[in-house]
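For reference, the structure discussed in these notes is given below.
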């Protein structure tokens, strides 16, 4: 389908891994390389109003080819890959006509197994694009990028009626900064879709409310032989804090609409320790209760410490559940579902156990649910995408554009 696979393989060859804890946006130079490449390709394709902001947001417009009061709609993907696993020297493997069983990932013992990933049983006969076991693949979200670019080429090269189509490619989505510098007014769409989901048919308009919790613990270190009544072990305090967090409310023990506390990192010495938690919950009241719980735990563990020793806790909200904003505009979901059915796909409405740029954009005035890409197992060496799933995503994007074009005629 019009260079879809070629585009995808080109995009994943560029290392665009984002980096947390960096002030600049984009956080890495590699993202600029892909953004500049996309800008050049959009220009060659003949799109208009192409802009690349100093914060790395690339926008462009495909003009309408029909007249009428047709709403401008948008499609958005992010160019960065997760900091959780290496995105350098990605070496994709193409497995045609998958026949079942384990897939060897490169040379070594790493495999992609249907025992661990049962979804493979549903993908027999399809073309799978996997890693070589040493890096992530980057389908999150370069599959989405390739699908949007291919859909633009299809719309540009065929007499398919459509209104004005806006596209945007953002940086640093994986570290939560991409949408913060997105100019909704400049973008000019009435609504949009992020193309950043998973398996074929996924349509997501609910996501976690999310917050980060950073805990700093200052203890007091002395020689262990003379420590009685003097030493305050920051690591022991950290262990006590985590022991108070409900163990059955962690990512590895929850699913569906269940929220969790996630200890993402912990480091330290006797003298000083740091902990970083992520709090997620779909329900806003439960979300606020989880934040209060963390404050109560810190207060309890820190009670009675020497004045020079303390526990400092900082909570920062990351994003909120976009459901409340998207459901105000039901036609956005109706069009996406109809487009999928027209492409012989059964829509699967499911919550995002995470977040997307669309969550932040929805609260900035741009309602923005999430479409599938055909990818699986993001952020690690077992990541893969199906070519057929990517082709389906292109078809759905094109059909959404066509259905929206008919609304104003």
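In case you wondered, yes, glycine gets a Cβ from its N, Cα and C as well.
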For the Zn(2+) 1 site that Swiss-Prot gives as 78, 140, the extra residue out of 109, 183, 196 is 196
According to Swiss-Prot, 140, 379 bind Zn(2+) 2, and the residue from 110, 164, 174, 348 that belongs to that same site is 174
Counting only residues outside 78, 140, 196 in the same chain, those with C-beta within 8 angstroms of the Zn(2+) 1 site's C-beta centroid are 77, 141, 144, 173, 174, 194, 195, 356, 357, 373
Taking the centre of the Cβ atoms of 140, 174, 379 as the Zn(2+) 2 site, the remaining residues of that chain with Cβ inside 8 Å are 81, 82, 84, 136, 141, 378
Most Cβ neighbours within 10 Å, among the binding-site residues 174, 196, goes to 196
Residue 174 (Zn(2+) 2 binding site) -> DSSP, reduced to three states, gives helix
Within 10 Å, the Cβ with the most other Cβ atoms among the recorded positions 80, 140, 173 is that of 80
Of 173, 174, 379, the recorded positions lying within 10 angstroms (C-alpha) of residue 78 (Zn(2+) 1 binding site) are 173, 174
Across every protein chain in view, the count of C-beta atoms other than its own within 10 A of the C-beta of residue 379 (Zn(2+) 2 binding site) is 16
